Amino acid sequence: MGLSRSKQNAPVAPATTLFLFGAHGDLVKRLLMPALYNLFRDGLVGEDLHIVGVDHNTVSDADFAKKLEDFIRQEAASKVAQGGEEPLDPALWGSLSKRITYITGDFLDDSTYADIDAKIKSTGTRNAVFYLATAPRFFSEVTQRLGSSGLMVEDDESFRRVVIEKPFGHDLPSAVALNNCLLKVMSEKQIYRIDHYLGKETVQNILVSRFSNGLFESFWNNHYIDHVQITAAETVGVETRGSFYETTGALRDMVPNHLFQLLAMVAMEPPAAFGADAVRGEKAKVVGAIRPWSEMEALANSVRGQYSESSVDGKAVTGYRQEDRVDAESNTETYVALKVMIDNWRWMGVPFYLRTGKRMSVRDTEIAICFKPAPYAQFRDTDVDSVAPNFLKIQIQPDEGMWFDLQAKKPGPTLDMQTIELGFAYKDFFEMQPSTGYETLIYDCLTGDQTLFQRADNIENGWRAVQPFIDAWAKDPQVELYHAGEDGPAAADELLARDGRTWQRLG
Ligand code: BG6
């Protein structure tokens, strides 16, 4: 299902033993198991997929499978009650769950890896994928042990792969160190670094739309584009992740990964093919071309915000500093707005404005491409007092689609204009199967397609571009408060106003 194939001709994934490290964590029950179930429903994984949970708690195979089933059944039922998705199919689940087993083991204990080896031998398939759905502190520990116990050794007829969740490092030096550590015991071809944004259909569609419509390429450059805005606004707060978020903040959590993936999709050069090497090469290049700000420039080109308590739709909403496991005087940012420049021929002089925040007014992930306005001169003797620029809006979620703002004449005897929208909504053209976004990524890993996974150089280039903000902020830890339910602090508007621009309205 990666960019190089279509689902109609997608083959069933090869027989594999899939080890889920961190089997009792949220990711496994909320996203990975439902995705595996959906892949099984769609015939994209077969009866020869063996799923093995690995974690320190002691449970039997049957209890582990039952715990997953109860959770997935309940979630599916509550979605059905809200009018969406399908209930869990007992026959389908029964067939999948027969091949779910569990290994009780400490990630730091060599005997766990001996048990894993024995499990691979017992399933009769030598292909194995090790999915690290664990806390990041285990990434290097687990991979070193997978390497030293010989579990990463492949031969002509079998593969061994590792999937690593984000956060991949917490700054440039730690990301480089983690890459070095992985590459000591396995090759780049065996490493699948996940950014779940790449599992979203709308994100994959950016490439397809750009490169399959000749029209776009002709104006996709600094001659016609004035600036680009990339937004990921959330209404949720930090929920139960206070302690994680305290040391992470919005910049690390969203920018070098999700927002830079969106930026790369919009700004990369056309790849020679939709294969992993070509696509990832172009993405790494464009992220590597982001201008490295000095610390002074980083301060001038960034805004940090933090949500404070407020009332949203008549309900009291907790401020970040009052959240569980958050310091009452915390300066961790829950909102960030940045201006970045890409120093290459295509984008020279075109600012990319990025913003992301929690507890904003609406959930809205979108890319707005603003074109240079038409000259005003010809309207001078009319009632029109300005010509609004055209915007192309790529709506990632929710209400997935693409909209183009154009100017049109309002009917009537005088020359008056109005902005109208040409639109494409996914739901009007395609039937979207219920999915978690992880289906494509898991399937691609099982079938060996790395196109939608991050290569080491892409990750390092991303951290290199945000490092000046991290360094500058560490010396000047200040956030501006915004009320929960508002769209970030006033300074974010000033960041654009300074350049004579305004943010697109959210929603
Ligand atoms: C995760 C971040 O990677 O992405 C979360 O850690 C954030 O803080 C989430 O909420 C957003 O993902 P999505 O798919 O809801 O846009």
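Even glycines carry a Cβ here, placed using N, Cα and C.
Here is what TrEMBL says about this protein:
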type     : residues                     : note
ACT_SITE : H258                         : active site, proton acceptor
BINDING  : D106, F107, K166             : NADP(+) binding site
BINDING  : H196, K200, E234, D253, K358 : substrate binding site
DOMAIN   : 20-205                       : domain 'Glucose-6-phosphate dehydrogenase NAD-binding'
DOMAIN   : 208-504                      : domain 'Glucose-6-phosphate dehydrogenase C-terminal'
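A map of TrEMBL features onto the structure.
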residue: D106; record: NADP(+) binding site; DSSP class: coil
residue: K166; record: NADP(+) binding site; DSSP class: coil
residue: H196; record: substrate binding site; DSSP class: helix
residue: E234; record: substrate binding site; DSSP class: coil
residue: D253; record: substrate binding site; DSSP class: helix
residue: H258; record: active site, proton acceptor; DSSP class: helix
residue: K358; record: substrate binding site; DSSP class: coil
For the domain 'Glucose-6-phosphate dehydrogenase NAD-binding' (20-205), the mean pLDDT of the predicted model: 94
Close in space, distant in sequence - H258 (active site, proton acceptor), Cβ under 8 Å, 6 or more apart: D195, Y197, A232, T356
Which same-chain residues, if any, lie at least 6 apart from F107 (NADP(+) binding site) yet have Cβ under 8 Å of it: F21, V54, H56, T134, F138, E141, V142, R145
Candidates near ligand 1 among the binding-site residues D106, D253, K358, judged by a Cβ under 6 angstroms: D253
Residue among binding-site residues K200, E234, K358 with Cα closest to the Cα of K166 (NADP(+) binding site): K200
Alpha-carbon spacing, H196 (substrate binding site) to D106 (NADP(+) binding site), which is rounded to whole Å: 27
Inter-residue Cα distance where the pair is D106 (NADP(+) binding site) and K358 (substrate binding site), in Å: 35
Candidate with the highest Cβ count within 10 Å, taken from the binding-site residues K166, H196, K200, K358: K358
Those binding-site residues listed as D106, E234, D253, and which of them has the most Cβ atoms within 10 Å of its own Cβ: D253
Integer Å distance between the CA atoms belonging to D106 (NADP(+) binding site) and E234 (substrate binding site): 36
Longest CA-CA distance among D106, F107, K166, per record bound to NADP(+), angstrom: 21
Alpha-carbon spacing, K200 (substrate binding site) to D106 (NADP(+) binding site), which is rounded to whole Å: 33
Nearest-integer angstrom distance between the alpha carbons (Cα) of D106 (NADP(+) binding site) and D253 (substrate binding site): 28
